[in-house]
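All remarks here apply to the structure that follows.
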Amino acid sequence: MSNSDPKARPIPGKRPPAPESPAMPPSSWAKKTGFRPKFSGETNASDSGQISLPPRPKEQRDAQPDLEAGRVKATPPQPLPVPPPPAVNGADTVVAFPAENKDQTVVKRRRDSDGSSGGAKKDGSGHGANGAGTNGPPSGPRRAAGRNEEVIDVEDDGFAGGRHTHMKYELRDTPGLVPIGLYGFQHYLSMLGSLILIPLVVVPAMGGTYEDTSTVVSTVLFVSGVTTLLHTSFGSRLPLIQGPSFVYLAPALAIINSPEFQGLNGNNFKHIMKELQGAIIIASAFQTILGYSGLMSVLLRLINPVVVAPTIAAVGLSFYSYGFPRVGTCLEIGVVQILLVIMFSLYLRKISVFGHRIFLIYAVPLGLAITWAAAFLLTEAGVYSYKGCDANIPASNIISDHCRKHISRIKHCRVDTSHALKSSPWFRFPYPLQWGTPVFEWKMALVMCAVSIISSVDSVGSYHASSLLAASRPPTPGVVSRGIGLEGLCSVLAGLWGTGTGSTTITENVHTIAVTKMGSRRAVELGACALILLSLIGKVGGFIASIPEVMVAALLCFMWAMLAALGLSNLRYSEAGSSRNIIIVGLSLFFSLSVPSYFQQYGISPNTNLSVPSYLQPYIVATHGPFRSKYGGLNYFLNTVLSLNMVIAFLVAVILDNTVPGSKQERGVYVWSETEVARREPAITKDYELPFRVGRIFRWVKWVGL
């Protein structure tokens with residue numbers, strides 16, 4: 001039929017069908033299979049909570065969503081004002097066009113809040129401030145804010161990428177001695193649980209007395225203060241506190257429950273502590289080499305948010321068998337403390353006193369103080385006093401059935417069973433090798449070496465998150481390597497002094513920076529000096545060591561839950577709604593719980609009588625694991641390492657994330673500052689350059705600096 005035929009002409013009044021929007025360009029592997037990500041939801045930004053964009057002109061296609069800020073980057077201004085195009089699928093759009101004076105004020109306020117011109121990556125001309133996001137052209141000088149892009153006051157967490165509006169003090173701010181002192185004290189007090197709880201778990205497991213616990217607590221405070229000063233001066237230079245990490249807790253408990261320590265007679269504590277010191281020193285030397293040799297820069301290519309999130313979350317989830325079972329020894333105290341901390345940190349978090357949200361910042365110490373006071377009143381009132389029963393008598397020597405029935409409540413509910421405060425000296429200086437010469441066992445050292453890699457992965461996530469809050473730009477890969485290398489040296493110091501665990505960046509520090517809105521390096525350093533002075537007062541360590549065990553377990557329930565949540569929060573840098581990422585994270589978390597459970601239960605019959613408490617049974621896997629070759633050391637290493645939840649999570653996540661195809665936007669690849677750009681930019685140089693011109697001496701070492 002001819003085209004001139006009137007029957008073939010379109011009916012008047014009807015619009016022609018709209019042209020189909022061009023599909024997103026498929027990746028290289030998808031071109032071979034015909035895969036179209038526009039319809040699959042694999043890389044579609046709308047599936048992960050990002051803003052849907054209309055078809056863009058060629059010159060605007062390089063602009064990508066800002067993953068840290070959670071919004072679309074600004075596009076270059078058009079030469080002529082154009083009306084906004086229609087929304088795609090009903091989604092709101094953001095269009096660049098010249099602004100009037102009223103809109104310019106809004107744009108300026110948005111930039112002050114973001115700390116960058118749309119989050120575009122540096123091109124050497126000085127555009128942008130924090131460099132968060134993927135590569136893209138610098139934003140134009142003017143842009144009108146859409147209806148849904150008004151200035152927003154983000155809630156107290158401060159994770160939305162708005163740095164300048166929500167931070168009171170940034171990295172290099174020095175407001176004065178008094179404010180810095182107050183904020184430094186507040187910073188450390190809010191992280192009290194992370195600093196003191198690990199010794200309260202490790203030392204009793206080694207058979208140590210209350211006096212030993214007091215000494216280890218003082219040593220932890222001293223080493224934490226020294227290593228924090230070293231890290232803020234010669235490491236990453238970010239306001240991050242160094243201290244005992246929960247990453248080292250599970251392997252430490254596994255070593256403590258090794259079969260060769262089961263039949264020890266005499267002072268088990270010192271013997272096991274020397275074995276731990278040797279393993280920590282060797283593993284720390286390995287981490288130092290990993291950082292300062294430049295290998296960490298290579299490893300950074302494999303570490304992305306999809307890897308960090310399940311790895312750190314598995315650390316917190318792995319202690320479920322210890323947490324509430326210990327709280328259950330005195331429910332009326334443990335449960336009340338958990339409820340108090342939850343109420344302070346969630347329901348009362350917005351209440352401000354003199355401009356400070358004290359309930360949110362001090363949720364842990366406030367909950368501890370109130371519960372401790374209530375338990376003291378109950379003890380003094382005689383609630384936990386049973387006639388003829390003495391808590392100091394071992395349970396095996398108790399003859400009376402009445403006392404045997406109530407001995408657990410007497411030991412765990414009373415607050416006067418510990419004599420650590422009375423027996424502690426007023427002054428004591430922690431010194432290296434105070435427990436004796438370390439003992440080096442290669443099988444235990446290999447376990448700790450594997451854990452040091454997990455510790456480095458944890459620190460990488462903390463470096464990136466804290467730099468977005470406090471610094472001008474993320475550090476360069478060289479600065480990250482330098483920080484990991486110095487963390488290894490700090491762990492060597494922890495091994496020499498005998499803290500029972502390695503030293504690393506405390507993950508909860510990032511949450512503290514966001515909540516307190518204090519990112520000043522000087523405040524953290526001043527707080528570290530105060531921590532060193534407190535560690536010299538023996539009564540401080542004795543006071544902390546006298547915290548009832550049930551309260552320690554209740555605090556740990558909250559701290560481990562926070563650790564799991566902070567680990568999963570790294571997914572905000574990726575497309576969390578992508579089915580690829582959902583499957584990888586889900587598999588990593590499930591196998592991190594299931595595979596270690598197989599190792600921990602292998603060879604144990606239901607009627608087996610074990611000599612260790614039930615909450616420590618997951619850490620005796622070396623005695624009954626599935627690997628039973630003729631090489632005892634290899635069996636010990638494999639059975640122990642594969643029973644650690646974080647190791648399984650890391651292995652599954654790093655293999656899947658680096659082999660399953662996915663775009664950088666979808667994977668949320670961490671963005672680090674480029675070395676050449678960092679050297680030309682004064683702000684980045686001042687943030688991360690070593691003090692006292694030390695960096696000039698090592699300028700030839702390009703992989704551990706700017």
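Cβ atoms here come from the backbone N, Cα and C positions, even for glycine.
TrEMBL labels come from automatic prediction, so no person has curated them.
Marked as compositional bias 'Pro residues' by TrEMBL: 13-25 (among others).
If you look up TrEMBL, you'll see 41-51 marked as compositional bias 'Polar residues'.
Per TrEMBL, compositional bias 'Basic and acidic residues' is recorded for 56-71 (among others).
Among the features that TrEMBL reports, compositional bias 'Pro residues' is placed at 76-87 (among others).
Annotation source TrEMBL lists compositional bias 'Basic and acidic residues' at 100-125 (among others).
What TrEMBL records for 1-146 is region 'Disordered'.
Within its own chain, the transmembrane segment (213-231) has Cβ neighbours under 8 Å at 195-196, 198-200, 202-204, 237, 240-244, 420, 423-424, 428, 430, 434, 483, 486-487, 489-490, 493-494, 497-500, 503, 505, 524-525, 527-532, 534-536, 538, 540-542, 544-545, counting only residues six or more beyond its boundaries. According to TrEMBL, the transmembrane segment annotation covers 213-231 (among others).
Per TrEMBL, transmembrane segment is recorded for 276-295 (among others).
Summarising the annotation, TrEMBL assigns transmembrane segment to 302-320 (among others). Residues of the same chain lying 6 or more positions beyond the ends of the transmembrane segment (302-320) and with a Cβ under 8 Å from any Cβ of it are 246-247, 249-250, 454, 457-458, 460-461, 507, 556, 559-574, 581, 584-585, 588-589, 592-593, 596, 644-646, 648-650, 652-654, 657-658, 667-670.
Among the features that TrEMBL reports, transmembrane segment is placed at 326-347 (among others).
Sequence-remote contacts of a segment are chain residues at least 6 beyond its ends whose Cβ falls under 8 Å from one of its Cβ atoms, and for the transmembrane segment (359-378) they are 156, 186, 189-190, 192-193, 333, 336-337, 340-341, 344-345, 348-351, 384, 413-415, 512, 515-516, 547-548, 551, 554-555, 558-559. The annotation transmembrane segment is assigned in TrEMBL to 359-378 (among others).
Annotation source TrEMBL lists transmembrane segment at 523-544 (among others).
The transmembrane segment feature in TrEMBL is assigned to 550-569 (among others). Within its own chain, the transmembrane segment (550-569) is flanked in space by residues 159, 193-194, 197, 200-201, 246, 308-317, 319-320, 322-324, 326-327, 329-330, 333-335, 337-338, 341-342, 345, 363-364, 367-368, 371-372, 375, 412-413, 461, 507-508, 510-511, 585, which lie at least six positions past its ends and keep a Cβ under 8 Å from the stretch.
Taken from TrEMBL, the feature transmembrane segment covers 581-599 (among others).
Among residues of the same chain six or more beyond the transmembrane segment (636-656), those with a C-beta under 8 A of the stretch's C-beta atoms are 247, 250-251, 254-255, 258, 302-303, 306-307, 309-315, 317-318, 443-444, 446-447, 450-451, 453-454, 457, 584-585, 587-589, 591-593, 595-596, 599-600, 618-619, 621-622, 625-627. Residues or ranges marked as transmembrane segment in TrEMBL: 636-656 (among others).
Long-range Cβ contacts of the transmembrane segment (523-544) within its own chain (Cβ-Cβ under 8 Å, at least 6 residues beyond either end) map to 169, 180-181, 183-185, 187-188, 196, 200, 210, 214-219, 221-222, 224-226, 228-229, 232-233, 239-241, 420-430.
Beyond its flanks by at least six residues, the transmembrane segment (276-295) meets 248, 252, 255-256, 435, 438-441, 444-445, 447-449, 451-453, 455-456, 481-492, 494-496, 498, 500-502, 701, 703-704 of its own chain at Cβ-Cβ distances under 8 Å.
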